[in-house]
Amino acid sequence: MNADTEHPNRLTPEPDAPSEPIHPELPTDPAEDTGSLSHVPVLADEVIQALAPAPGKVFVDGTLGGAGHTGLLLAAGATVYGIDQDPFALDRARAANHAGLHVLQGNYRDMVALLAGAGVTQVDGILLDIGVSSFQLDDTGRGFSYHTEAPLDMRMSQSGESAADVVNSYDEEDIAAIIYEYGEDRLSRRIARGIVYAREKAPIETTVQLADIVKRAYPGFSKGIHPARRTFQALRIHVNDELGALRDGLQAAETLLAPGGRLAVISFHSLEDRIVKRFLLGSEVLSPLTKRPVIASEAEQATNPRARSAKLRSAERVGSA
Ligand SMILES: C[S@@+](CC[C@H](N)C(=O)[O-])C[C@H]1O[C@@H](n2cnc3c(N)ncnc32)[C@H](O)[C@@H]1O
């Protein structure tokens, strides 16, 4: 767990507490979400309006993914440094051979060093479209979906601890804390107990194995949204240290943006949006472009379910370089 996250066990209700949806805006298993099957960039018009790309301008896309947003920045004549921690995403981007795109492998939290390595110390705009991409969700071998049998992996970068490492080696209390903190699941303790009980018999190696363990913690479940949704989200966030990367990435953006430069961050759940909102409120160099986060139009939400939970916050760098 991050040192700055509260240990949630104190707050965890008794194991028998009724399970109620805390965040109805959470998407269902993203692999079920038909939006994940398209590679259409979310809030594309709104991002372009916020970042104002033009010939001669230089941007960082910290979450290159399928290069959907980057394609629009390039089409406006800008140069883009596209970062992704997923080697498969980078292979695809390189193969597409976009003119004006410089591909950098790494974590966007390290963007200052990554850009310095490419000889760049200031940029006109930075985009973070956080979370997993449709390619990652659709790749059944990556272990992000609880419906498809696959190794319990979930590592975007293909390195570090996998989700299987976490469920098979962490203390019960720490597993409960992760599920509570990042999945906001009120049955976190009961799920953690079920995980530890199961792994004593045999290691938990696959997605469906884990999904079944979580399901058993919800004896009343028969149909509807699968109870494993929150646990999978929590493990994915933990394994990829998504919230830590976001905090570091926001700070890095302050360093890298030229005066007048723009930052755009798209988040998909309240844990992320809260971090962005608080960061911008406390920043002395970034001034929000809109008071409230921008959400997708009804038309976009109708055609792209992933857009339903998306929130865009944007800001402009003020002051001297
Ligand atoms: C939601 S997708 C981005 C989609 C992209 N905007 C598009 O239009 O195609 C997120 C991408 O960011 C990558 N990613 C997530 N967190 C990252 C991090 N901390 N550093 C670098 N890449 C990250 C993922 O591997 C994934 O490819």
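From the backbone N, Cα and C atoms, a Cβ is placed for every residue, glycine too.
TrEMBL entries are annotated by machine, without manual review.
As given in TrEMBL:
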| type | residues | note |
| --- | --- | --- |
| BINDING | A67, G68, H69, D84, Y108, D129, Q136 | S-adenosyl-L-methionine binding site |
| REGION | 1-36 | region 'Disordered' |
| REGION | 297-321 | region 'Disordered' |
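Across the range of the region 'Disordered' (297-321), the DSSP-based residue counts are 11 helix, 7 strand, 7 coil. In sequence order, T63, L64, G65, L90, A93, V103, Q105 make up the list of same-chain residues 6 or more apart from D84 (S-adenosyl-L-methionine binding site) whose Cβ falls under 8 Å from its Cβ.
Maximum intra-site Cα distance, S-adenosyl-L-methionine binding residues A67, G68, H69, D84, Y108, D129, Q136: 17 Å. A simple way to gauge crowding: the CB of Q136 (S-adenosyl-L-methionine binding site) has 23 other CB atoms within 10 angstroms, across all the protein chains here. Fewest other C-beta atoms within 10 Å: among the binding-site residues A67, G68, H69, Y108, D129, that description fits G68. Q136 (S-adenosyl-L-methionine binding site) falls within a helix when secondary structure is assigned with DSSP.
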